[in-house]
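**Student:** Let me give you the structure first, and then I'll get to my questions.
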């Protein structure tokens with residue numbers, strides 16, 4: 001597949017959860033609590049796309065092809081987009097845009113704190129994702145973008161800490177992220193000569 005058509009397919013695929021939410025909202029199919037559905041869907045897609053973003057580096061190495069890196073930035077930006085939708089829906093429907101209520105929630109609910117910190121870690125990554133920022137920051141750009149790894153860990157903790165009954169889905173996400181982060185951690189381990 002040509003890079004242009006691949007990017008278009010990835011763009012449409014990443015946009016499809018939002019299109020589904022808009023369609024379901026217009027049809028009145030989001031159930032009795034639409035805000036809960038939007039928060040759940042946007043949260044799930046934040047983690048899914050974050051996992052796919054982290055998968056692109058090992059995929060490039062395994063396949064020996066450049067296309068995973070060409071779509072990685074788009075996946076990362078869509079990850080941040082769904083994280084913003086997740087946060088803004090919560091801020092609008094549950095906090096009423098009140099800083100006082102936000103502060104109270106951050107103190108009383110640790111899962112909200114780790115989720116918010118995860119979003120804060122992703123913010124500079126989204127801002128500096130362009131080639132212009134990459135040139136400006138030089139080697140510091142790579143170091144800055146390693147914040148994606150603690151953001152991924154916090155995303156998993158955010159999900160785990162709010163599970164009330166069946167933790168299967170959260171455990172699966174955590175296992176996938178553990179594998180991806182474990183693969184990445186190999187780059188920081190000293191190599192042993194035999």
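Even glycines carry a Cβ here, placed using N, Cα and C.
Automatic prediction, not curation, is the source of TrEMBL annotations.
As annotated by TrEMBL, domain 'Ferric oxidoreductase' applies to 43-156. Per TrEMBL, the feature transmembrane segment maps to 34-55, 75-97, 109-127.
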**Student:** In the same chain, which residue numbers or ranges, 6 or more beyond the ends of the transmembrane segment (109-127), come under 8 angstroms Cβ to Cβ?
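**Tutor:** Cβ under 8 Å, 6 or more out: 76-77, 79-80, 83-84, 87, 133, 144-145, 147-148, 150-151, 154-155, 157-158, 161-162.
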**Student:** Going along the chain, which residues at least six beyond the ends of the transmembrane segment (34-55) come within the CB cut-off of under 8 Å?
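**Tutor:** Sequence-distant neighbours of the transmembrane segment (34-55): 14, 17, 20-21, 24-25, 68, 72, 75-76, 78-79, 82-83, 85-86, 89-90, 92-94, 148, 151-152, 155-156, 159, 173, 176-177, 180-181, 184.
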